[in-house]
Structure formats: structure tokens, C-alpha cells
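Quick notes on the structure that follows.
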Amino acid sequence: MCGINVILGQDPQNRIQSMMDATAHRGPDHSAFCQVEEGLFFAGNRLKILDLSDKSNQPLWTEKKDAVLIWNGAIYNYQDLRNQLIDWGYHFSTHSDSEVLLYWLQHHGEQGIKSLKGMFALAFADLKKNSLIIARDPSGEKPLYYTQENETWLFSSECKPIQNVLQSKSSINIGQFPFYFYLRHTLPDQTFFRGIQQFPIGTSWTMDLKGKNWKENSLSLSKTLKGNISHTHFEELLKEAVLKNFHADSNIGVMLSGGADSSLLYALWYEETGIQLPTFTVHFEEKLQKKYADPLFVGKYFKKYPSLQHTIDISLQSIQDNWKKYIQSLDQPIGDSAGMLTWMIAKEASKEVKVLISGAGADELFGGYNRHKAYLAYIQHPKFWLNLKKSNIAKFLPANWRKMIQSIEEDPRETYFQMAALVSMPKELIQKLELIYPKEEGLLKNALSWDRKFYLVNDILKIHDNACMAHGIEGRSPYLDTEIVELSQQLSETEHRELIGKKWIKLSLEQRNLGFIGKRQKLGFGLPLEEWFLRKEFRNWVFGPIQAMEKEWGSFFPKEMRNLASNPSKAKGRQFLQIWNLFLLASWLEENN
């Protein structure tokens with residue numbers, strides 16, 4: 001929805017305007033900055049989604065000019081909060097969630113954040129109470145970064161605006177190379193710019209307007225049961241989430257892959273409203289259609305749930321043609337080809353819509369990835385799988401099975417890390433990850449919690465935000481609605497095991513005669529790298545930059561990463577994933593070093 005920037009401290013060179021200009025793509029409809037008071041500066045870029053009038057532009061002040069807000073996101077229960085404020089005597093000049101959030105925070109302070117249901121990164125200053133609040137939503141849907149330079153704090157929706165204005169430029173954070181190579185992204189609190197960190201999800205910081213008397217508060221989700229644990233209750237909550245997420249004063253579209261998650265979202269919308277929306281589906285070249293048959297599945301689906309269909313043709317040539325612009329838009333390198341594919345979809349969608357719905361989050365909440373099923377098989381019969389690994393039978397099995405069996409360890413945590421990694425990770429990296437791995441739940445719940453707080457935030461949501469914001473549109477994920485996430489957290493270990501593979505979502509599809517979608521083989525969302533890797537033009541495109549990167553940065557790489565980067569032509573089998581990972585990093589480093 002927006003870009004936000006804060007400087008707390010001295011700004012002798014008007015750096016706040018430079019930061020605002022660097023996030024203009026996030027809010028192309030309006031930009032402004034202000035000095036809240038001496039030593040505190042706010043800047044906001046607005047993408048108009050709800051209440052299209054200029055009265056909701058940011059920074060947004062109260063009528064008495066005694067409090068001000070900048071924020072990025074959407075509050076889905078804003079009508080309920082608005083009604084409460086009206087009962088308490090508040091008056092509104094807009095129908096936006098921004099004005100509601102402004103007065104809600106003025107009335108409740110930091111405790112009011114716990115009542116918010118939605119996605120947000122915000123900065124709120126109350127001049128009467130001498131209070132500054134910085135906060136980020138519990139699911140990490142909206143990004144926020146920060147650093148401290150001498151006595152000055154800088155916050156932004158992206159890293160680059162901070163990096164661009166630092167008096168001493170941040171160097172590349174070489175300590176993140178190993179984590180990137182094995183996991184495709186940095187550690188959850190880190191970035192690729194040394195000293196610039198990710199603001200923690202589900203957290204608020206409160207301090208006075210001089211940055212003193214600082215304290216941190218957790219915005220953890222409720223684990224108290226609020227209804228029946230049943231498929232019926234899940235679908236009721238999802239219907240409500242769809243109606244809230246699809247609510248806007250601007251055009252809304254849906255990324256429709258022909259997979260279970262997005263198909264159910266649009267079906268629920270159409271059943272409730274009968275309104276056709278723009279949908280966006282990828283079409284790869286014809287010779288790949290047997291495997292990547294998104295248009296085929298979507299075509300059958302549209303017979304029951306019609307939409308304003310848009311098919312986006314994706315080829316190796318189209319990716320190459322857009323690669324430079326994609327890399328320039330990439331705030332942080334993430335070696336997931338879904339990032340480029342989502343960027344291409346958002347580029348096309350931006351011609352018609354300002355909000356793009358996706359099925360992000362369903363896999364992490366309800367065990368939808370192949371590794372979840374593999375991990376469940378392991379924790380149910382660990383001795384069997386350990387003995388199978390010792391038997392060396394893995395070398396005779398297909399690649400996916402071989403990867404699974406090679407991941408098996410006596411420690412369940414280590415086993416899951418290996419299953420989630422691109423290739424087998426060294427022990428020293430695993431030991432660092434174990435320090436932040438969930439400990440309070442059952443084995444499967446811990447794994448799902450790790451994916452939700454680590455993989456989802458640092459990969460899926462980040463590439464979705466980057467792709468959408470690069471083209472001035474907002475991404476929304478109904479499966480990450482507060483009630484849906486809380487329901488997932490309320491499931492017991494036994495219930496999660498019974499529901500593995502998103503059984504509730506697939507049951508909803510079956511009840512609508514869409515079982516063929518739920519039974520579709522799980523391929524993952526991304527480019528057809530396995531097939532492209534066999535093409536000479538692809539290899540010629542990616543190998544050179546990888547080798548050039550190794551010559552400049554190789555001394556900082558882990559051994560396995562350096563070996564592959566120095567001889568990418570020797571890659572074989574499923575190493576096409578690692579090659580893409582390295583190529584993206586090489587391109588990003590060339591652009592940002």
C-alpha cells in the first residue's frame with residue numbers, strides 16, 4: 001500500500017526526502033514528508049486503495065495536529081474499531097482505515113496495536129504523550145528495516161533508501177553468503193547490507209520523541225481456542241477473510257495458478273458475490289505444457305467460476321528481456337525463481353488492478369509442502385528411515401527420494417533443516433539455526449512454525465512484496481488473516497499430523513467438484529528451470545556472471561558454494577536450483593556493490 005521512512009535524530013542534509021524518493025514506487029499516488037518535531041522526521045508514499053481522496057494522504061495528522069501516522073498495510077477490522085471510536089465521541093472526515101488507525105493509536109497507545117487485524121508496518125508519534133511507536137505485524141507481511149548511525153536511527157520499508165543516505169555506506173554482509181547458498185535468503189534478522197537489520201515481526205518499539213526510554217513489546221497471536229476445530233469452522237473463517245481482503249475502492253485481481261490455494265480463494269469470492277474479477281495465469285511454452293499445465297487446470301475451473309481471464313506468456317526470452325529491471329527493483333537477493341515469475345505477473349496485473357491476491361501462507365500453515373509429508377514420515381518411524389539411510393539404497397532412487405533420505409539425521413531439528421535446504425548444510429550452520437528454532441510445540445508443529453516465521457517471511461512474502469511494489473500494486477494474502485493464522489496455531493500436534501497436505505483446503509475443493517485441482521501434483525511455483533537448464537542459451541546466459549562473481553567474492557564463500565561457482569558447467573541433476581540461486585546473487589551483487 002505504501003512506503004514509510006523515519007529519521008530519529010539529526011537530518012542535516014534533508015536525507016528524509018532522499019529516502020522518500022527512493023520508495024516512491026511503493027506509493028506512486030502521493031508522497032510527502034514532514035518534521036514532526038526537532039530531531040524526528042516522517043515520510044510516506046501512498047498507493048490509494050481505500051478512500052481515494054487526498055484527505056487520507058500521509059503523513060496523516062489528527063485534526064488538532066497533536067499526533068501523526070505513517071504506515072504501510074491494511075487493517076481488515078477497521079470498521080469495528082471505527083464504530084468503537086465513534087461511540088467514544090470521535091469524528092471522522094474520511095472512510096479510510098488510515099484515519100481509524102491514527103485515532104485508535106492516539107486513544108490506546110501501544111496497547112491498541114494488539115487489537116489490529118491485518119498487515120502493517122507503522123510509525124506513530126503522539127506529541128502530547130511524548131511517545132513514538134514503531135511496529136510490524138505478527139505474520140511479517142509488511143517489511144520494515146532499520147539501522148543506527150551514531151545517535152541517529154533510520155527506518156524504512158526497504159533497505160536501499162537507508163543504504164543510500166548513510167554517511168558511511170554499508171558494505172555487503174559477507175556473513176550471509178553461507179545462509180543464502182543453502183537457504184536462498186539471509187537469517188531472519190539480517191540483510192545483505194552490513195548493519196541494516198530487519199525489524200522483528202510481531203513486535204512494537206515504544207520510546208519518547210528523542211529516542212530515549214525505549215521498550216519492546218510482543219504482538220504474539222492468540223493460541224486460545226475461539227471455536228470448533230473443524231473444517232466447517234475453517235471455511236467460515238476463510239470466507240470472512242476473503243471478503244475482508246477483497247475489499248477496496250480500487251480494482252482487485254487474483255493470481256490464479258490452477259493450484260489448490262488460489263483456486264479456493266476465488267471460488268469463495270465468486271460464490272459470495274457473483275462478481276467476476278481479473279485473474280492472472282502463467283503460460284509457459286507449448287512443449288512444457290504437459291508438466292506445467294496451469295492454463296489447462298484453470299480452463300476447467302473457469303467453467304464453474306468464470307473470471308476476466310488474463311494469460312501471461314512466459315519464455316526464457318521474456319525473462320532475459322526483463323532481467324535487468326527485475327534486478328534493479330530487488331531490494332534483497334532471494335534465490336527463488338518464484339520472485340521473477342511473480343514480478344512478471346505483477347507487471348501485467350498493474351495495467352488493470354491495484355490489489356493482487358495470492359494464496360501465500362496456506363502451505364506453511366497447513367503442511368502443504370512435500371517436505372512436510374516427508375518429515376512426518378520420518379518422525380513417525382525414525383529408526384526405519386535412519387536404517388534406510390545407512391543401507392546406501394538412496395543412490396539407486398530418484399532425485400527427490402535421494403534428497404529426502406540423505407537429509408535424515410538422528411536429531412529431528414537437524415533433519416528438518418536438511419530437508420528445507422537446497423543441499424546438505426554443514427553442522428556449524430545448523431547449530432546457528434538451532435538457536436532460533438521453535439522449542440515449545442510438537443515436532444511437526446515446530447517445523448511448521450519455523451516455516452511460517454522463517455521461510456514464509458524471508459522468502460515468499462518478501463518476493464511477493466518486492467514484485468507487487470515494484471509495479472505500484474499491493475499484494476494481499478487471505479490465508480494470513482489473523483483468525484486463520486490463529487486457528488492454525490490452535491491445532492494440536494495430532495491434528496496437524498492428521499491434516500497434513502492441506503486436507504481442509506482440498507476437502508473444500510472436493511465439495512465444489514474441484515477435486516481434480518486438489519489432486520494435482522505439487523510442483524511448486526516458479527520458472528521451469530529444470531528444462532531451461534538443458535538449453536545452451538540458458539547456460540551461456542548464467543554461467544559467465546556466476547564465474548565473475550566467484551573471482552571477486554569467492555574467498556568469502558563456503559567451500560561447496562565456491563566450487564560450484566568456479567565451475568558451473570559441471571552442475572548436474574537438481575543443481576539447476578543452486579545455479580539459479582548463484583546467478584541471481586551474482587546479478588544483484590553486480591548491481592549493488
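Keep in mind that glycine also has a Cβ here, set from the backbone N, Cα and C atoms.
TrEMBL has this to say about the protein:
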ACT_SITE  CYS2  active site, for GATase activity
BINDING   ASP97  L-glutamine binding site
BINDING   VAL282, SER358, GLY359  ATP binding site
DOMAIN    2-210  domain 'Glutamine amidotransferase type-2'
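Annotated features taken from TrEMBL, shown on the structure.
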residue: CYS2; record: active site, for GATase activity; contacts (Cβ under 8 Å, 6+ apart): ARG26, GLY27, GLY44, ASN45, ARG46, LEU47, GLN58, ILE70, TRP71, ASN72, GLY73, SER157
residue: ASP97; record: L-glutamine binding site; contacts (Cβ under 8 Å, 6+ apart): LEU50, ALA74, ILE75, TYR78, GLY118
residue: SER358; record: ATP binding site; contacts (Cβ under 8 Å, 6+ apart): VAL254, MET255, SER262, THR342, HIS464, GLY475, ARG476, SER477
residue: GLY359; record: ATP binding site; contacts (Cβ under 8 Å, 6+ apart): MET255, SER257, GLY259, ALA260, ASP261, SER262, LEU264, LEU265, SER477, TYR479
Number of Cβ atoms other than its own within 10 Å, given for VAL282 (ATP binding site): 23
ASP97 (L-glutamine binding site): secondary structure state under DSSP, collapsed to three categories: helix
Binding residues VAL282, SER358, GLY359 (ATP) - maximum C-alpha distance in whole Å: 15
DSSP three-state assignment for SER358 (ATP binding site): coil
Stretch-averaged pLDDT - the domain 'Glutamine amidotransferase type-2' (2-210): 96
